[in-house]
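Here's the structure we're looking at; comments come further down.
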């Protein structure tokens, strides 16, 4: 079944590539292709550390840290404000450092004088350990982004704050990394005291108007979660096992056209290419993609597409929902509860963080006193916020300027 699903995705991506792209020019494989986050960081001469965060329900999460930059003019032991970066759906910490150092937010923040921490939620390739369950067990994969907001964010952010002796930090999320923070702040109001500012790139609350692969799964395949379990398996969604690696090698590495098709599999989620992606870096971007998640999490996203709501996972049984939530229907997250400073960066070209969802849900429901900024950008697909050539000037540097202004006015968190 995995082979059928994979071939379907490659077929769609191949035809998408033919309709969106000219014949690609062959290019040599980047030496960073295949390297993981620590290896890429070390290759550019930056310091890197790995830290583990233990969640209340037993997951062991890996956080990657760049404790200082190469060009910030500070001593290595100087106290620095903390910037925490959280990846999106099916992604990992590598999203923040896999572009060139002059274009990657992780390096830019480090060189601007920040202590950079990059999280990895449960189920991605860096967070596959548990105190009780094996990654091969069904129990390990029984989670959605509900648990990420409830347990993972608490564990990772508390670890960063404890290790650095800070009381609060700056948070930058992308895609699912924004969804879990919106939901965390809505449900745990006191958590806002740990978040000095929240920058939401390609922000997601609802996905009613989403386009692309998730829309197809939700509308064409979804007929109750049992159907998706049969199609994709009950545990890891499209697992990064030997079979899938072999298929990726066959379909993504044998020719320039196939590399383009593989790259366009990303566009099935993020939206058509805007011309911002450096083609020579695609093999590096894909080194950790897909980052890994549970089929149950993809089902949760599919439910959101169908309901148009930002709500907890639906067990599709009134008694099960009653057991978990105290109500027969899953409760919604109330964004009006959020009292942290929020800065939104979004684009109408983004298929996943759709403009209509942003305007009808996020902008409508976030408390105006919390919403400090809403920046609408032209020609940004979903992945351009982490890998695009324009992200430095239109997203990263403005964020750094806002951080420095806040530090000058209010001091170190």
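Glycine is no exception: its Cβ is also placed from the backbone N, Cα and C atoms.
A TrEMBL annotation is a machine prediction, not a hand-curated record.
Taken from TrEMBL as is:
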{"type": "ACT_SITE", "residues": "175", "note": "active site, nucleophile"}
{"type": "ACT_SITE", "residues": "350", "note": "active site, charge relay system"}
{"type": "ACT_SITE", "residues": "382", "note": "active site, charge relay system"}
{"type": "DOMAIN", "residues": "39-100", "note": "domain 'Partial AB-hydrolase lipase'"}
{"type": "SIGNAL", "residues": "1-19", "note": "signal peptide"}
Q) Per-residue pLDDT averaged over the domain 'Partial AB-hydrolase lipase' (39-100) comes to what? A) 96
Q) Using DSSP, how many residues of the domain 'Partial AB-hydrolase lipase' (39-100) fall into helix, strand and coil, respectively? A) 9 helix, 19 strand, 34 coil
**Q.** Cβ-Cβ neighbours of residue 350 (active site, charge relay system) (radius 10 Å)
**A.** 28
Q. Residue 382 (active site, charge relay system) has how many other Cβ neighbours within 10 Å of its own Cβ?
A. 27
